[in-house]
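Per TrEMBL, the features are as follows:
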type     : residues         : note
BINDING  : H450, H455, E508 : Zn(2+) binding site
ACT_SITE : E451             : active site
Amino acid sequence: MVDSQYILPNDVGISPLDCAEAFRLLSPKEKLYAHYLSRASWYGGLIVLLQTSPESPTIYVLLQRLFRKQPPSVLESVASAAGLSPEEYQAFLVYAAGIYANMGNYKSFGDTKFIPNLPKEKLKALMWQSQAFKDSPTQLEALWNSCGDLMYSLDEKLKQLGLGDKGITTYFSGNCCLKDAELVQKFLDSKNLSAYNTRLFKQVNNDGKCCYEVRLASAIKDECPIDGDVDNKCGCYNFDGTLFKVVRGDYAPLMQRVVDCLKKAKAYAANENEEHMLEDYAQSFFFGSIEAHKQGSRYWIKDKGPIVESYIGFIESYRDPFGSRGEFEGFVAVVNKAMSARFAELVNSAEVLLPELPWPTQFEKDRFLKPDFTSLDVLTFAGSGIPVGINIPNYDCIRQSEGFKNVSLGNVLAVASATQKEKLTFLREEDKDLYIKLRNPSFEVQVGLHELLGHGSGKLFVEDEKGNFNFDSKNVRNPETGELVSSWYKGSETWDSKFSTIASTYEECRAECVGLYLCLNNRVLSIFGQEGSDAEDVVYINWLNMVRAGVLALEFYTPASKTWRQAHMQARFVILRVLLEASEGLVSLEHTVGSDGKPDAIISLDRTKIRSVGKPAIERFLRRLQIHKSTADVEGGRALYEGYSSVTDNEPEKFLTLRETVLLRKEARKLFVQANTRVQGDTTELQEYAGSAADLIRSFVDRFHDDGEELEEEILALGQMDAHCWS
């Protein structure tokens, strides 16, 4: 029996993202703009295959070739003839859908590997009897031989993403470890070079000396300066006695496709900000310049209230084990005006709410730059997974002094957390009906606060290259110790580069704490239409949802390596620990036995103590998080955060035992089916799909209907070029 962690169950929830009405209301010009941005996103999203695992590109191509010849409905009879039961064939379809939805064979949420839930010999028999094999037996056999063993392997190192002996990653060549990552980060900082669009390849010469290749994602491979290339840092460098080579051309053919689509989208831009934004993005992806992407992001911030919203690039660093390299993503969405009005009111109240946060004014940004905050219905979200809310750009230099945008993805939020009462785990029976009723309204409040006032708050103390401080270094004191602040960010240091491996989860925890803290504010609740006893119920469910999430988080902890595999879930476990530590009966955790005779657990929250016990506990913890962040106190911040992240089997919680219960009763994360757009003559059409594994597969085959074979050759070539780095 394969551990259930490493398979997707046949009954996994698969939901279509409904955007038909939002798309219908767009003008013809807006539809074309959305179409070409979607194409850019989908082409770029394929890069994630190459960022996930060595075998992911080959698995993807194998599936595309199989299903292009025979859709799931036709292949079913072939499967039966090959000896697969209906359950085994469904398991294969679910596996394929999982590959497409995660853009690889590791879960986007949790970073664990998943394998087909059917015998390897049966899957091979299906492949050998397929039309794809009959038409091209040599090619299909080569694909299977390249990825078949890795597809099924659960060797210890391959069970999860990680660096060195912690797991597998393609952000670094297989011979890299944490020390390599730390040295290279120092080199990048010394050259003021961002890691966001890079991968690292380590070469060891015969004499034992190392050479590091820092490879930039770009359409162009030529390292010599050419017209328009103002930020070229390619070349050889000697740093700390070690040779470094900065080259470009990673993912080149895919990057070129992205550039081409962005140029087409520009013809349908609504204003000059969008035109400049797309020009800079195209330059960034063509030359491999993060500076150009920053400039495009500045125009994006200025593009207030667009009907069609989008963002694209190497954005989130959650899946880089070192926390500095961005995974490619691109989204295109349409504004939901009714919900956006609520978020706009929250933005307008921000300057009143920010002083409520539990740190001195010197630790807050000098002025609050009012961002766009919109609710969007997603048309396209290409990458490894779809969040419910986003606060971007992630560049500190822009966020601190120029601003940012917040988006809440309404049609994702509507279906992501929906569950049936009988599947609702770890809650008291008397809480379940209220939880189901208010889960979405409360989460709406939490997402709004998390994105706007969580990620949007707090100052970083910086001394620039010229010795100028952005704070009063002679008078600002640490409110915890009363002493003058003695540490800060220097030169090109950033939050990600300083806090590296814990930066993402630490920041998510800080934002979640802001949400819990400010959801107690009556003004906030009123903005979201919650008053009186209904408002108190929303607060209760928001806090209850957080402590339940802290229990569910244990699924994403690996005891063997003592590591967390998901930033948000680690953050929620930390918050659970803080609230348990507050004691006084605020949170209770009980190990029980379920009606099925198997281990179970109940988490409960005393709603009468949220304000009297819970709020002060979050206040103290949140203040400490912000102080360490503001002052670049990596040592103190790491000690605090890793202390609360520790998972033991100590009484009374017995978290390691509880983890086994969580794994026993876990519900698989939903997969989303997204629509396609297609230009037919003078019209742009939306092609929608139902919510099933077969439909998710069909959506991906249709997505690359016109150029699939050429695209697959490019993906294979890119994967094979570096395959030796992980063999």
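Each residue, glycine too, has its Cβ placed from N, Cα and C.
Predicted, not measured: the structure shown is a model, and the values here were computed from it.
Sequence features, as recorded in TrEMBL, placed on the structure.
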| residue | record | Cβ neighbours (10 Å) |
| --- | --- | --- |
| H450 | Zn(2+) binding site | 28 |
| E451 | active site | 28 |
| H455 | Zn(2+) binding site | 21 |
| E508 | Zn(2+) binding site | 22 |
* Non-site residues, in chain order, whose CB comes within 8 A of the mean position of the CB atoms of H450, H455, E508 at Zn(2+) -> G389, N391, E451, G454, E507, R510, A511, E512, V514, G515
* **Pairwise CA distance, E451 (active site) versus E508 (Zn(2+) binding site), rounded so that it is a whole Å** => 10
